[in-house]
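Report on the structure given below.
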């Protein structure tokens, strides 16, 4: 950690509210904003000169040096840190010349809490279960087709990024990345939860059977596939546990992606990908302008949601020249209206007898039937509509604190 600079004034306390003794700062998050509401605990924010970490001076005031230093609380991990006394010895002067005016937290450069804390334990279990699942499937379990390829790709992606997160947390190198680390880890945990849940359903559905397959695979392959299915389910539970542990709660300082609204953004984008996957199969959406409008709605809302997530993770929301939180709320409202129109138009032009087929054709081949794809698109259109409505409703319960 480098030199600390004053970063923002304390937010005035909410009218009619008083903080209990020893209560932590209350949170008010906005998209991409890592600024907490400290009005109920009258603190002052300071940012390191590297622009990566925020600290709250407990009790307010300017940081003091001398003696044991001033106690600071990290905005992201809530750990207490102290500023060292002014450099007097030769070793201290050398440390200042190297560009560090704060001693490593905890007296070391390696962070053991990254693997021993509850969140760290969940991440270690993710690595263990992910490696075991990949090994079982690759060794004897086997996989074929698009479903098997998706499962292996999902497990490999989650394992690689989990390894990166644990390594950066353990070595404290995440402060060198130009990312909002809290937003990044929260968004990845939610995405990994969705991917691992999908793979945990697809692999047993398409590859796991109680009876032994014919030789040369035999019963050994069946046993490996059963074991892989079990560990795939455990992998999903490990990622879901991290989401539950890191989700923003009242009275905590948290990143926007850790809030319910931020997590819903990941789910919305994931559901949109399912819709696009169904549209790849011949859904005949090009026959009518109305169904083409629905596809345009899906694409526009997906791109806007991904843009919100990317700007929040990269910490670039303050460079837009306008209140980013207002833009997100307005966009969510427009997305509700757009999805509402698609929820009305798509079923009419796909299942009404005047334009489409009200029931599944008997001669339609199973697995490649356009009617099945149209039904999947209709179902997940309503799912995403409900997600956007929930997002809009939740955004009215929080107050965003803009970056100053």
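Cβ coordinates are placed from backbone N, Cα and C, and glycine is handled just like the others.
Residues annotated as domain 'MARVEL' in TrEMBL: 114-251 (among others).
Annotation comment: TrEMBL describes 256-400 (among others) as domain 'MARVEL'. A mean pLDDT of 88 is what the model gives for the domain 'MARVEL' (256-400).
The region 'Disordered' annotation in TrEMBL covers 1-36.
Positions annotated as transmembrane segment by TrEMBL: 152-171 (among others).
Residues or ranges marked as transmembrane segment by TrEMBL: 183-206 (among others). Under 8 Å from some Cβ of the transmembrane segment (183-206) lie the Cβ atoms of residues 32, 34, 126, 137, 143, 145, 147-148, 150-151, 154-155, 157-158, 161-162, 165, 225, 228-229, 232-233, 235-236, 239-240, 242-243, 246, 255-258, 262-263, 266-267, 270, 309, 312-313, 315, all in the same chain and six or more residues away from its ends.
The feature transmembrane segment is assigned by TrEMBL to 226-245 (among others). Within the same chain, residues 118-119, 122-123, 125-126, 129-130, 132-133, 136-137, 141, 151, 155, 158, 186, 189-190, 192-193, 196-197, 199-200, 203-204, 208, 263 sit at least 6 positions outside the transmembrane segment (226-245) and bring their C-beta atoms closer than 8 Å to a C-beta of that stretch.
The transmembrane segment annotation in TrEMBL covers 257-280 (among others).
As annotated by TrEMBL, transmembrane segment applies to 295-316 (among others).
Residues or ranges marked as transmembrane segment by TrEMBL: 328-349 (among others).
What TrEMBL records for 375-394 (among others) is transmembrane segment.
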Considering the transmembrane segment (328-349), which listed stretch of 152-171, 257-280, 295-316, 375-394 counts the most C-beta pairs under 8 Å:
375-394
Within-chain partners of the transmembrane segment (257-280) [C-beta distance under 8 Å, separation at least 6 from its ends]:
29, 31, 182-184, 186-187, 190-191, 194, 243, 246-248, 295, 298, 301-302, 305-306, 308-309, 312-313, 373-374, 376-377, 380-381, 383-384, 387-388, 390-391, 394-395, 398
